[in-house]
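J.: Below is the structure I would like to discuss, written out as structure tokens.
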Amino acid sequence: LPLLLEATLLRLASGSHHPFYNGFYYNHIMNDKGKGQEKVVYFNGAKLVVETSKDPIYSSSGANVTLPCHYHYEPDLEAKRKIRIKWSKLRDDYTKEQDVLVAIGKTYMAFGDFQGRAHLRQAGRREASLVISDVRLQDDGKYRCEVIDGLEDESDVVDLRLQGIVFPYQPPRGQYRLNFHEAERVCQEQGAILATFNQLFQAWSEGLDWCNAGWLADGTVQYPIRLPRKPCGGLHLAPGIRSYGPRHRHLHRFDAFCFSSALRGEVFYLDHPAGMTLEEAKQSCQDAGAEIAQVGQLYSAWKFLGLDRCDAGWLADGSVRYPITKPRANCGPAEPGVRSFGFPSKGRFGVFCYKER
């Protein structure tokens with residue numbers, strides 16, 4: 001890159017949390033005339049307008065997705081202009097935005113986890129759409145499309161939502177043993193990430209009812225209640241998401257709400273007439289060209305692939321669970337769900353394995 005272009009890209013990439021606002025300096029010039037009214041003046045005589053999708057864009061883990069963004073001028077300008085484009089991802093905890101991509105003309109630079117996965121689609125006139133390939137769980141969230149034309153700077157936000165499932169998680173040590181950072185780690189170990197509030201709210205609207213408080217991605221602690229009851233905030237409170245608000249990320253300890261998306265592979269069950277220990281179960285999966293399934297993978301297979309098995313099996317964290325989509329006698333409660341036997345120190349069971357396609 002020429003030195004000037006490279007410096008421009010680096011300056012764009014280190015931009016502030018909010019898009020640069022030029023209002024006081026040139027965009028709104030007071031037209032006093034004794035009435036105190038504002039007159040909007042644009043240097044090139046036209047207003048820059050940036051538009052993205054007002055509806056969320058849905059995708060799933062491993063897929064490719066396009067976040068639409070277009071810009072135009074009012075009134076229209078025919079002449080070609082040297083436009084700079086910046087895409088950023090807004091953070092759930094409202095800290096500094098994450099740089100995704102900056103571009104000048106056909107030259108662009110992607111950053112961080114988006115390197116090699118993000119590029120611009122400029123198929124149409126004045127299009128600045130962002131293409132993300134091999135979508136990851138942490139890609140879920142809001143993205144800002146920012147267009148800069150000289151001193152003009154306008155932006156709009158689009159929401160990328162992954163189709164997935166939220167599940168509560170307790171470690172083998174029991175209830176309320178995880179600080180925020182440990183909660184992040186255990187979710188990742190189970191093929192998931194900490195859920196956002198929007199993901200937990202969606203899960204609650206689909207029927208999730210859980211009386212234990214858990215960490216969310218923004219550092220708050222909350223729990224979803226569909227059926228109010230005395231141990232869960234009391235009978236007088238309406239159904240909803242109960243919140244403890246932000247908690248100390250090192251000192252306070254709760255459970256975790258994890259989020260997992262659709263699978264790239266399949267989960268299947270293996271059994272042995274005499275059952276298997278955990279170590280024997282891991283080896284059986286390896287012998288089948290697979291690996292022992294993570295908790296998030298079992299939940300995803302249950303929700304997205306309809307996995308239904310009334311046989312308990314080991315999982316990677318040492319827990320024993322089984323998924324039921326069609327409740328029936330001798331298979332637990334009358335509602336669909338993933339049943340758990342906890343973390344048995346002894347016992348012989350089957351195993352759920354996961355294999356990439």
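Glycine too: its Cβ is placed from the backbone N, Cα and C atoms.
Below are the features I grabbed from TrEMBL:
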- 46-158: domain 'Ig-like' (DOMAIN)
- 165-260: domain 'Link' (DOMAIN)
- Cys211-Cys232: disulfide bond (DISULFID)
- 266-355: domain 'Link' (DOMAIN)
- Cys310-Cys331: disulfide bond (DISULFID)
J.: What is the interatomic distance between the Cα atoms of Cys310 (disulfide bond) and Cys211 (disulfide bond), given in whole Å?
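T.: That separation, Cα to Cα, works out to 25 Å.
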J.: Please list residues from the chain of Cys211 (disulfide bond) whose Cβ is under 8 angstroms from its Cβ, counting only those at least six apart in sequence.
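T.: Tyr223, Ile225, Arg229, Pro231, Cys232 - these are the non-local Cβ neighbours of Cys211 (disulfide bond), listed in sequence order.
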J.: What are the sequence-distant neighbours of Cys331 (disulfide bond), meaning same chain, six or more residues apart, C-beta distance under 8 angstroms?
T.: Cys310, Tyr322, Ile324, Arg339
J.: Among the disulfide-bonded residues Cys232, Cys310, whose Cβ has the fewest other Cβ atoms within 10 Å?
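T.: Each of the disulfide-bonded residues Cys232, Cys310 was scored by Cβ atoms within 10 Å; lowest is Cys310.
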J.: With DSSP, how much of the domain 'Ig-like' (46-158) is helix, how much strand and how much coil, in residues?
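T.: Reading the DSSP string over the domain 'Ig-like' (46-158) gives 6 helix, 60 strand, 47 coil.
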J.: Taking DSSP states H, G and I as helix and E and B as strand, how many residues of the domain 'Link' (266-355) are helix, strand and coil?
T.: 20 helix, 26 strand, 44 coil
J.: Let me know the model's mean pLDDT on the domain 'Link' (165-260).
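T.: Result for the domain 'Link' (165-260): average pLDDT 96.
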